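Novice: Below are the features I grabbed from TrEMBL:
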| type | residues | note |
| --- | --- | --- |
| REPEAT | 10-48 | repeat 'HEAT' |
| REPEAT | 203-241 | repeat 'HEAT' |
| REPEAT | 242-280 | repeat 'HEAT' |
| REPEAT | 281-319 | repeat 'HEAT' |
| REPEAT | 320-358 | repeat 'HEAT' |
| REPEAT | 359-397 | repeat 'HEAT' |
| REPEAT | 398-436 | repeat 'HEAT' |
| DOMAIN | 400-560 | domain 'Phosphatase 2A Regulatory Subunit A helical' |
| REPEAT | 437-475 | repeat 'HEAT' |
| REPEAT | 476-514 | repeat 'HEAT' |
| REPEAT | 515-553 | repeat 'HEAT' |
| COMPBIAS | 693-703 | compositional bias 'Polar residues' |
| REGION | 693-727 | region 'Disordered' |
| COMPBIAS | 704-716 | compositional bias 'Basic and acidic residues' |
Amino acid sequence: MSMVDEPLYPIAVLIDELKNDDIQLRLNSIRRLSIIARALGEERTRKELIPFLSENNDDDDEVLLAMAEELGVFIPYVGGVEYAFVLLPPLETLSTVEETCVREKAVDSLCRIGAQMRENDLVEHFAPLAKEIDRLKLFTSILVDLREHPADISGFSALLGCGCVRDHKSRLSAGEWFTARVSACGIFHIAYPSAPDPLKTELRSIYGQLCQDDMPMVRRAAATNLGKFAATIESAHLKTDIMSMFEDLTQDDQDSVRLLAVEGCAALGKLLEPQDCVAHILPVIVTFSQDKSWRVRYMVANQLYELCEAVGPEPTRTDLVPAYARLLRDNEAEVRIAAAGKVTKFCRILNPELAIQHILPCVKELSSDSSQHVRSALASVIMGMAPVLGKDATIEHLLPIFLSLLKDEFPDVRLNIISKLDQVNQVIGIDLLSQSLLPAIVELAEDRHWRVRLAIIEYIPLLASQLGVGFFDDKLGALCMQWLQDKVHSIREAAANNLKRLAEEFGPEWAMQHIVPQVLEMINNPHYLYRMTILRAVSLLAPVMGSEITCSKLLPAVVENMIRPCLVELSEDPDVDVRGIVDLGVDQVVKDQNTLDVLFFIHGYFTLCLDRIHLFEHSRDCPEELLEAVSGLLFAASRIDLAARSIELRSNCGVDPKIIQKLSTRHPPKEVRMKALKEIAAENNIVLKLEEASTSTEGTSDVSKAKPTSEDERGEGCGLSDSVKRGKKKYKDVADAAQAASCLAM
């Protein structure tokens, strides 16, 4: 619905769009019915808009669906629940159309409106919707007779005389009468509770006729809604009328009706007394478990746990165990899949002895079933049987099945076993689990299917928490590092996240000892994809390890092994523009190193302020002994956050001069840049004679002529458009090129 404060559209335009040939315009207008209703007002909406919608014969299902949805929330626009009944006629029309989704939405809207209507309005306006169905069935039979015997119109004339046909001529012209009866099945549970006794009797009778309708679609709708209708019936009529309808549905010749009756078993079982449930529901379940249609047997297997709850534990042990065993051995794979998925829930109802005697033999057969989907369904639940059977039975009977499924050729089977290992660990303990299942898990960690490896990685932190630090280091630690160099990107990404989760599980000290050194050893891997993975791992580990370890171990390793070698390599590039960019890179390296140095100052300042924070409670002025720390923190805040402007410093501000120098917004001095470049060159065995190069090239090279005269002109000098136009200068060796680049930087 539109918002209340949305601008009102011209009503004439929207009404014209309702009649437009363009479906999109009609749909747009239907979705804005609330706007039209607000503009018309409640009275005109009831007298003009709703009748217009009732007569709307739009044949496009999308428009009708939108109308059914809008009318379901239209009560506030017709004057509230007092006038809610005026919305029933258009929804009644929509509930008779051929398209299923439109009918279902219309029935939902009818039920929503009926749930809000007053009791007398329900009796006067809503209940007749269900009663008309019986009359419609009579009309249909008469029309069929007229089609076969056109000359015999006496019965039809009599109906015309009583006015019944005139009241429903629009529905008669549609011809598809079963659609109205299908929709009516969904509204009985709304109409029945408020109806007087005579009307209730009539409604029960009509619903019984729907359960025996000639059209299978109607009987299916009756079977689907029988549980909801039965929940509103008095207990005295539940055993008679409703159970009679239920028996008719369970004996239907259409399997599509019988399988829907299976769902009614569970719903009715919750309403009946235990003895009545055993007498009426249990025989039906046993019969359905042997039904000739596999779809009915599938529905029984799928609803088995709910059916067991309906009949109770004792009848389940005596009567349903053999039926369930038959379903586990059914000829159809779909039935075995449904039954296998309920094996743990079913065993919870039984005692361990019965489960071992009757269910486990079937489970062993299913573990080697010819259908991979059956094995997968079994693997998804079989681990839950361990707490049910206990430790001894699990070790004796279930562990061999677990190992068999862990080695299954179908990946989903192995994944389902891996995902539930914690349930077995709670029963048999970590020692036995590690001896029996862990070797198979290690084997799966190197499986050729990458999805299997991915599943193992995702469950490593869970296994680590269960196995403990010592056992994890011995058995699984090497695998975690091996995955960082996997050929599949998803595996490498998951491995990096796995290291972070392990560091969170075991703590930074353990990670510093077992993870960080091995990660840093891989930082010089010749393959760039693996180096990218290491960078990703470092970025994920940094928040867990804390600022001290990050600044002292992780960040320097990245700078020294990745950033600086790149700068040195690029400083030897023959292109002068590239070398100009290198100068900017060196500039940034110096700034980053200065920032790292300042972080150590800041750490000390924060520690000092926290230790002596009580001094601020007695004075509004900053204590003399904390002046440097507070001033330094304030000064560093904007520069470390790379603020666009700097703070002007007053004399005697108290900030440490080293911090002022290192966080200066100016470019590093020439001497600092030369020193940094020399250090990088020395680390990579390159000899630079920067002073001589500066003297010999001054005033002679094209590069030096293009050198900017001030720092403000540096950005233009780096472009070197003139030197590029004249051509690039050739150098006799790498050292000569680097020296020229350093002169450019001066």
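Going from the start of the chain as shown, residues are counted 1 onward.
From the backbone N, Cα and C atoms, a Cβ is placed for every residue, glycine too.
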Novice: Tell me, roughly as an integer, the mean pLDDT over the repeat 'HEAT' (398-436).
Specialist: 78
Novice: By Cβ distance under 8 Å, which residues at least 6 away from the ends of the repeat 'HEAT' (242-280) in the same chain are close to it?
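Specialist: Residues 207-208, 211-212, 216, 219-220, 222-224, 226-231, 233, 235, 287-288, 291, 293, 295-296, 298-300, 303, 306-307, 309-312, 315 contact the repeat 'HEAT' (242-280) from elsewhere in the chain.
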Novice: Mind checking which residues reach the repeat 'HEAT' (359-397)? Cβ under 8 Å, same chain, six or more beyond either end.
Specialist: 321, 324-325, 328-329, 333, 336-338, 340-348, 350, 352, 404-405, 408-410, 412-414, 416-417, 420-421, 423-424, 426-428, 432
Novice: For the repeat 'HEAT' (476-514), could you work out the same-chain residues 6 or more beyond its ends whose Cβ comes under 8 Å from its Cβ atoms?
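Specialist: Result: 442, 445, 450, 453-454, 457-458, 460-461, 463-465, 467, 469, 522, 525, 529-530, 533-534, 536-537, 540-541, 544-546, 549, 553.
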Novice: Quick check on the repeat 'HEAT' (281-319): DSSP residue counts for helix, strand, coil, in that order please.
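Specialist: Final tally across the stretch: 31 helix, 0 strand, 8 coil.
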Novice: List the helix, strand and coil residue totals of the repeat 'HEAT' (242-280) as derived from DSSP.
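Specialist: Grouping H, G, I as helix and E, B as strand yields 33 helix, 0 strand, 6 coil.
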Novice: With DSSP helix as H/G/I and strand as E/B, how many residues of the repeat 'HEAT' (359-397) fall in helix, strand and coil?
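Specialist: Its residues fall into 31 helix, 0 strand, 8 coil.
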